[in-house]
Ligand SMILES: Nc1ncnc2c1ncn2[C@@H]1O[C@H](COP(=O)(O)OP(=O)(O)O)[C@@H](O)[C@H]1O
Ligand SMILES: CC(=O)OP(=O)(O)O
Ligand SMILES: [Mg+2]
């Protein structure tokens with residue numbers, strides 16, 4: 001029997017998303033999500049193979065190790081346990097790969113050490129990724145474990161986009177530069193967008209707006225990233241669920257010197273108590289929109305700030321690319337929040353950008369255009385599929401394909 005199944009683990013700061021995919025036909029044998037890890041209200045939602053009812057487990061999952069063990073139990077209950085000989089490999093999303101990792105990589109102790117060394121520049125993500133890998137290694141020590149890095153797609157960015165305008169020697173010594181994140185999603189979505197437009201990716205320019213809890217924009221020219229909004233860490237750029245995105249770096253000195261905050265306190269403020277949560281006490285766009293509809297002033301201002309930042313990046317990347325074939329929305333907010341898409345391109349008719357109200361309001365899981373039929377620049381919604389992309393890269397590596 002050939003092993004054709006890949007388990008993909010996407011371990012986030014407080015969640016684990018997973019999918020078991022059969023690469024023979026791309027069928028999803030199981031998918032699931034463990035949320036609020038570390039809290040008393042953890043939940044694990046497991047979706048078994050087609051036709052089966054989703055199952056939910058409630059109750060504390062103390063850490064990522066506990067969460068993954070629960071995931072393994074759920075898979076086993078469907079006869080899809082990690083001991084299955086049909087499992088070819090486990091693919092892990094790893095957020096920060098630094099300068100070293102620009103390709104999918106077979107994980108060994110040297111690789112893990114490097115991922116560990118990068119924890120300070122991905123403090124919400126790399127620790128969870130490492131725990132995911134270690135637990136998976138313990139459960140199946142004989143199986144290849146492959147890391148697919150969020151930073152990889154951005155590694156070909158031109159130097160003028162990747163470098164910050166700071167002293168070169170200091171920057172080089174400490175590897176301070178723009179790495180960019182969500183690369184697996186930006187790569188997948190930009191390729192799918194070219195397909196949707198019926199164009200060769202090598203001749204297509206797109207602005208990808210990946211709007212989830214973490215959010216980032218990228219400018220993709222002919223299939224290559226030429227700029228992206230996240231930087232040394234996933235803190236820079238757009239306004240996010242709990243992260244500030246762009247601020248004057250002197251805010252950090254000011255909070256240290258004048259407000260007496262420690263480095264760790266400022267770090268925690270900007271990563272966990274900022275963004276939409278900091279502005280209006282809520283990071284879920286569904287709830288924010290509900291409050292905006294009710295006339296809530298804090299939620300309305302937070303929404304306006306979110307959109308204002310998004311517009312600035314659309315304008316900036318339009319200028320970077322020169323000609324744009326499509327602006328594409330993806331991830332939880334981008335795929336589902338029609339008001340965000342409408343507001344982001346409002347007033348940009350001079351740039352050839354507009355959405356059609358009806359097309360924008362229609363739902364669906366398929367890639368689709370939402371701009372008016374004759375639009376010069378297309379606006380699209382393309383659901384991301386980081387897990388499938390990770391599974392494909394993992395399978396290609398282990399099968400030598
Ligand atoms: N129907 C919806 N309308 C608006 N926002 C939504 C909707 N569904 C999901 N979201 C948003 O998507 C976010 C999660 O996106 P996702 O891409 O899964 O993020 P992450 O991978 O960072 O956890 C949630 O915070 C929520 O605000
Ligand atoms: C890099 C990053 O911000 O990832 P996420 O959106 O999953 O938090
Ligand atoms: Mg995500």
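Yeah, the Cβs are placed from backbone N, Cα and C, and that goes for glycine too.
Automated prediction, rather than curation, is the source of TrEMBL annotations.
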May I ask you to indicate which of 36-60, 61-85 is given in TrEMBL as region 'Disordered'? 36-60
Please list, for the region 'Disordered' (36-60), how many residues fall into helix, strand and coil according to DSSP. 0 helix, 9 strand, 16 coil
Please check each of the binding-site residues 10, 213, 284, 286, 333 and report the ones with a CB atom less than 6 Å from an atom of ligand 1, ordered along the sequence. 213, 284, 286, 333
Secondary structure at residue 93 (substrate binding site), reduced by DSSP to three states: strand
Maximal Cα-Cα distance (Å) across residues annotated as binding ATP, namely 17, 210, 211, 212, 213, 214, 284, 285, 286, 332, 333, 334, 335, 336: 20
Quick one: Cα separation, residue 286 (ATP binding site) versus residue 386 (Mg(2+) binding site), in Å? 22
